[in-house]
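The structure appears right after this line, and notes come after that.
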Amino acid sequence: MAVGYVDCHCHMTAEEFSQDTEEVIEESKENGIQALISVTEHGGEFEKLIYLSDRYPDYIMPCFGIHPIQSNGDGQRSVTIKDLEPVLAQFDKYKDSLVAIGEIGLDFTPWLAPTSEQREEQMKVFQMQLEMAKRMDLPVNVHSRSAGRQTVSFLKEQGAEKVLLHNFAGRPSAAQEGVQAGYFFSFPPAVIRNEQRKKLIKMIPLENICLETDSPSLGPKKEDRNVPSNIRLSCEYIASVKGLMPERVREVTTLNALRLFPKVSCKLQK
């Protein structure tokens with residue numbers, strides 16, 4: 001039996017999927033995807049994600065997390081403790097259903113988190129969620145935009161072991177530090193339009209790479225909605241950069257995902 005894909009980071013509760021969730025999931029299955037690991041950005045998505053994972057058991061694999069950047073009306077702002085505290089009980093309520101904690105991390109984009117106070121609060125929110133993951137023995141699904149080195153260093157300081165650095169765009173030296181710590185890195189279909197990622201992908205061993213789409217964002221065309229079935233584009237691009245067959249990349253990245261997310265592995269073996 002051929003090994004299918006695992007999309008290690010997508011957003012199935014996004015508004016962009018609200019009208020055709022079933023069609024998107026069927027298309028994913030038809031394109032050989034074994035599991036969708038779906039993350040959240042804020043507490044308002046938690047119940048919706050549990051509903052979806054109950055509706056599509058052993059296919060949509062839920063992760064709870066509070067993202068470092070939050071929506072603020074029609075804009076965006078840096079996360080605060082107040083975004084996390086009211087939903088802490090939800091993590092415990094659904095801990096048996098969760099396969100990871102995410103999307104969590106740091107985002108030091110200058111116009112979103114310009115002050116040291118904002119960045120310190122992001123780190124506190126990140127730390128609290130890392131501690132929760134450790135207590136629940138769950139991996140973490142991590143965001144690190146404009147903070148690659150700081151994120152890897154902080155993860156190591158906190159003793160995080162099961163880590164996916166999604167859509168990593170930090171320096172190769174920071175990636176190397178993550179590889180040495182045993183962390184995994186995933187890349188969405190948008191890498192096909194970003195030459196700068198080629199160096200990173202070439203440097204990171206295949207044994208430390210997973211596949212993701214970050215759907216509905218980061219697709220092959222910036223203006224189009226991304227969908228999980230585009231995962232093959234990530235796979236084919238990584239294969240071309242590394243001079244490997246796509247089948248080999250699919251097989252190894254799926255095995256990596258099942259090692260990193262043991263609860264996903266258990267669900268797929270039912």
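Cβ coordinates come from backbone N, Cα and C, glycine included.
Residues annotated as Zn(2+) 1 binding site in Swiss-Prot: H9, H11, E103, D214. What Swiss-Prot lists as Zn(2+) 2 binding site is E103, H143, H166, and the listing cites similarity to another entry.
Feature annotations (Swiss-Prot) mapped to structure.
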| residue | record | DSSP (3 states) |
| --- | --- | --- |
| H9 | Zn(2+) 1 binding site | strand |
| E103 | Zn(2+) 1 binding site | strand |
| H143 | Zn(2+) 2 binding site | strand |
| H166 | Zn(2+) 2 binding site | strand |
| D214 | Zn(2+) 1 binding site | coil |
Rank the binding-site residues H11, H143 by the number of other Cβ atoms within 10 Å of each Cβ and report the first-ranked residue.
H143
Between the Cα atoms of H166 (Zn(2+) 2 binding site) and H11 (Zn(2+) 1 binding site), find the distance and write it as a whole number of Å.
13
Cβ-Cβ under 8 Å from E103 (Zn(2+) 1 binding site), same chain, 6 or more residues apart: which ones?
H9, V39, T40, E41, C63, G65, H67, N141, V142, H143, H166
Lowest local Cβ density (other Cβ within 10 Å) among binding-site residues: H9, H166:
H166
Within 8 Å of the Cβ centre of H9, H11, E103, D214, which other residues of the chain have their Cβ, at the recorded Zn(2+) 1 site?
C10, S38, V39, G102, N141, H166, N167, E212, S215, S217
Environment of E103, H143, H166, the listed Zn(2+) 2 site - residues of the same chain whose CB lies within 8 A of the CB centroid:
H9, V39, G65, H67, G102, I104, G105, N141, V142, S144, N167, D214
Please give me the CB contact count at 10 A for D214 (Zn(2+) 1 binding site), counting all chains in the structure.
26
